[in-house]
Each structure stands twice: as C-alpha cells, then as structure tokens.
Amino acid sequence: MGQFTVVSLGLLAVFLSLSGAKGDNCPANWISRNGVCNKLFPDRKTWLEAEMYCRALKPGCHLASLHRDSDSTVLAWYISDHFKGAGHVWIGLRDTNRKRTWKWSDRTSTNYFSWNQGEPNNVQDNENCVHPWAPSGYLKWNDEPCASLHPFICQYKL
C-alpha cells in the first residue's frame with residue numbers, strides 16, 4: 001500500500017506539472033508578473049524587429065505592455081537586477097499613426113503611462129516608439145526613433 005501511495009503521488013505531481021496546474025508556469029529564464037510571462041532579450045534590435053522576434057517565439061507573444069505602477073516596478077527591478085548596463089529597453093508602446101496616439105502592440109487598452117518629465121517630446125518629429133528610461137531606473141518612459149537599436153522585453157499571457 002505504501003509503494004502505491006508514493007507512485008500515485010509521483011504521478012499526480014507529474015500530471016499537475018504537465019497540465020499547467022494553478023500557479024506560475026513561465027518557462028525557465030522568464031519572470032511571472034500579473035498573469036503574464038516576461039523575458040528580456042539582450043540582442044539590440046529596432047522596435048519593429050523586436051516585436052517580430054517576440055511574435056515568432058509563441059502565439060500571442062508581443063513586446064511587453066504595462067498597465068499599472070506595479071507592472072513598471074517589477075520590470076524595472078528585473079532589468080536593473082539582471083541586466084546591468086543594458087541601456088534602454090523596448091516595450092510595446094508605439095505611436096503607429098504619428099499623431100501622438102499611443103497603442104500597445106498586443107492591442108490591450110492604453111490606460112496607463114509613466115512618462116519621464118518633458119516626455120513624450122517627439123524630437124525632430126521622429127520619436128514614435130517607447131522605452132523605459134535607464135537614468136530613471138527604468139520607471140519612467142521616453143519616446144525614441146523606432147529605428148534605434150535596443151534590447152527588448154517580450155511578454156505573453158499565461
């Protein structure tokens with residue numbers, strides 16, 4: 001009877017891990033945040049190249065979208081703690097029509113902004129993509145030309 005119990009518990013553990021039991025099931029090297037998985041990629045890409053890279057990883061994966069202060073804080077900590085010297089990092093916010101109408105690449109609601117003072121400033125009418133600003137500890141955002149090369153954060157929902 002004891003051996004049966006051990007085997008049964010072992011099979012239950014395997015089943016739960018494979019079936020996505022309640023909890024955070026982000027892959028190794030990804031972090032969990034409010035029901036999504038995030039990973040910073042150190043490769044420097046344009047905003048569009050980064051978005052296409054994220055989309056190719058997994059259905060529903062995009063550059064990260066942030067919807068509250070806690071989202072910004074978690075990602076700022078992650079970038080600062082694990083990727084010192086990464087510089088600016090692309091997130092999924094962009095002004096696709098160049099009319100100062102900001103939208104997330106995953107099409108979630110644009111209900112939260114964390115602009116650095118004086119931003120967005122659209123220098124030379126060419127800053128249509130967004131990154132957390134390194135000098136702010138990645139807590140405040142800056143608009144920048146989409147052709148700039150930066151590391152980036154991909155995100156998908158659990």
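Keep in mind that glycine also has a Cβ here, set from the backbone N, Cα and C atoms.
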Second cysteine of the disulfide that Swiss-Prot assigns to CYS146, among CYS129, CYS154: CYS129
- line: CA pair CYS146 (disulfide bond) / CYS154 (disulfide bond), Å rounded to integer, equals 16
Query: So which of the disulfide-bonded residues is most packed in, judged by how many other Cβ atoms lie within 10 Å of its Cβ, out of CYS26, CYS37, CYS129, CYS146?
result: CYS129
Query: Apart from GLU127, ASN142, ASP143, which residues in this chain have a Cβ no more than 8 Å from the mean position of the Cβ atoms of those residues at the Ca(2+) site?
result: GLU119, PRO120, ASN121, ASN122, VAL123, ASN128, CYS129, VAL130, HIS131, TRP141, GLU144
Field: Listed disulfide-bonded residues among CYS26, CYS37, CYS54, CYS154 whose Cα sits within 10 Å of ASP143 (Ca(2+) binding site)
entry: none
